[in-house]
Amino acid sequence: MSSPSSPLPERRVLVGNWIPYSKSILRSSIGALSASLVCQRIRNGFAQFRDRLRACFHSFRRYILIAEMVLPAVWIDRQLSRLLGKLGHAVGERPSSFIFGTLFLFLFFATGIQNMNDNYVGDVEWLFTPVHGRGKAEERVYKEYFEQRIHSERRRRRSPRYDLDPDPLRDQMTRRDFTDDLASSWLGGPDRKKLARPSKPQTNHLNDWNIWGSPVYSNELEEAEEKEIRSGRGRRNVKEDLKEKEGIWAMARVLVVAKDEGTMLRNDTLHEFLYVTNRLRSVKLKANGKEYTYENICGNHCWDPRGEIQNFIDLMPRYEAGEVNITYPAFLDPVTLKTMVLPTIFGGIEPSDDGAVVTYVKAAAVTQVAASKPREIFELGYEWLLVAETEMNQLRKELEHLDMYFYSTRIATDQLDRGFNAVFPFVAAAIIILIGFSTLCLVTLDPVKSKPMLAIMGVVSAAIATLASMGFLIYIQIPFIGLNKVAPFLILGIGLDDTFVIVGAWRRTNPRNGVSDRMRATYAEAAVSVTITSLTDGISFLIGALTDIPSIYVFCTYTGTAVVFLYFCHLTFFGGFLALTGYAEQANRHSITCFKVPAKSEARQSLSTFRTFESPPVDFNPTNFEFAKFVYI
């Protein structure tokens with residue numbers, strides 16, 4: 001029997017009362033947690049749905065942009081295919097008209113090549129110097145003040161040796177006469193009006209001419225032009241520079257050294273050097289039915305070094321006897337009172353320890369410069385350099401005491417031309433190799449469906465397009481340079497690539513259709529590819545023609561124009577021959593001999609030369625594909 005005062009049962013009652021409440025609290029907590037998880041899942045689901053919707057929207061916008069870009073390209077492709085398909089159908093209907101029409105037109109353009117020499121430019125300095133570069137600007141400034149030119153009629157009346165018409169009887173004026181007249185004009189003498197420039201009568205003569213007869217312009221307009229050139233505002237483009245192209249001068253230089261490596265200050269070496277100078281000055285150029293010497297083309301500075309050489313020759317007996325010492329850089333002869341400046345003709349000078357007396361002279365040189373203006377004189381000067389080089393090469397073998405070296409501003413140009421001319425044999429070899437390779441690629445087992453003649457026509461089309469483009473550009477006065485001789489290699493490669501594309505498209509057409517329909521399908525498929533390749537090539541060369549380096553501009557202009565001519569020539573001239581081969585194939589004729597090839601049934605009953613040397617002939621029956629094995633390119 002339990003005691004009533006024991007507290008243990010009460011504690012059990014209290015704990016038992018709290019158990020249901022704790023369970024309900026736990027259930028409510030679990031429910032709340034489950035509800036929150038469900039809500040979180042719902043929120044996450046909505047967020048994922050929102051993100052997916054946004055991604056789909058952005059993808060849809062991207063697809064719309066792609067469609068906006070693609071649809072015009074697709075439309076252009078379809079329209080171009082349709083137009084070129086019509087052209088192919090027209091070529092298939094009248095192949096002879098397109099062949100002869102294109103041939104006559106392109107051969108007419110090619111006649112411009114006969115003026116190639118007149119339009120040829122070979123000045124290396126001009127070809128590879130940027131037109132807008134600092135060198136060109138400084139060159140124009142230099143030519144303004146120190147150009148080697150034949151001046152006004154007043155100067156030609158006073159000194160006929162500067163005239164284009166050589167007249168020895170009128171060649172009486174010397175530099176001393178001219179400087180005397182010039183001095184008298186400065187002092188207000190009677191010849192002042194003769195020396196006054198008609199275009200600028202109020203100009204000071206001290207600013208008009210320097211003591212050597214070179215022009216020193218003081219006109220305000222010319223000074224403004226000089227400032228524009230120096231500031232860069234007076235820039236010219238390549239076309240303007242092409243039209244006004246003129247060199248600074250045509251220069252020839254002869255250098256001699258003693259064969260025994262001794263000094264040049266000897267009587268025998270100086271006499272032989274004087275003989276070389278006389279031969280150089282006496283070189284005659286025959287042009288336009290006249291003879292021109294250096295005196296007719298020398299321009300302002302017709303300095304004759306023979307007087308200076310003769311002064312040293314007169315000095316040699318006393319110098320070799322030890323009576324005088326030659327000082328550096330100038331020597332005053334105590335007997336004749338003539339001043340001789342050694343660096344004017346001598347080089348490799350070795351002075352004594354104190355630098356006052358010359359002990360050894362290694363070489364001597366003489367320089368002859370022709371005028372740069374007018375253009376006729378400049379061209380005569382360049383021709384004179386060629387004659388002088390030939391004369392000096394012959395003289396080199398006659399010299400006893402001297403070794404001679406000749407240099408001119410034409411040598412670099414001639415060497416460059418020789419290098420480009422050496423390319424021509426490789427052009428012929430390349431044509432033969434490409435014809436052979438393309439012929440092998442276009443030959444099939446079927447003598448009727450084979451297309452070996454198209455390989456030759458592809459090369460001919462490229463050659464005609466190249467010649468026509470060059471003649472056309474020569475007609476519009478675009479200068480021709482030696483670098484253009486490399487262009488046929490590029491055009492041949494592009495032309496054969498277009499040939500293979502067109503022939504491959506022809507072979508994929510349905511042989512059951514007529515020639516006109518097959519030409520339409522061929523052009524609709526291949527002409528688009530040919531157009532795109534020609535367009536990209538043309539744009540590439542057009543970008544190259546935007547440069548201000550004349551050689552690159554001219555080369556890219558010629559090559560880009562040749563690509564355009566090749567494109568039209570292939571679509572008309574080559575396409576006409578493709579149609580002719582299609583008609584021959586339709587008539588079951590041999591691809592080379594054009595003889596009628598017997599059908600398969602006829603070939604079994606009779607012996608034929610085609611069965612002896614070639615594969616069995618194919619019946620043109622559209623259902624006969626037994627021998628239709630092609631070599632696809």
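Counting starts with 1 at the first residue shown.
Note: Cβ is positioned from N, Cα and C throughout, glycine not excepted.
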Fill in: Correct range for transmembrane segment (source TrEMBL, candidates 106-126, 358-378, 526-546)
526-546
Practice prompt. From the ranges 137-158, 181-202, 291-312, 599-620, pick the one that TrEMBL records as region 'Disordered'.
Written response: 181-202
Worksheet, complete the sentence: One stretch in 422-443, 455-480, 486-506, 526-546 has more Cβ pairs under 8 Å to the transmembrane segment (552-580) than the rest, namely 455-480
Fill in: Same-chain residues near the transmembrane segment (422-443), Cβ under 8 Å, at least 6 residues beyond its ends
450-452, 454-456, 458-459, 463, 485-486, 488-489, 492, 496, 499-500, 503, 631, 633
Response to the item:
For the transmembrane segment (526-546), the distant same-chain contacts (Cβ-Cβ under 8 Å, at least six residues beyond its ends) come to 77, 80-81, 84-85, 87-88, 494, 497-498, 501-502, 504-506, 552-553, 555-557, 559-560, 563-564, 566-567, 570-571
Discussion item. Limited to the domain 'SSD' (423-580), I'd like the whole-number average of pLDDT.
Written reply: 88
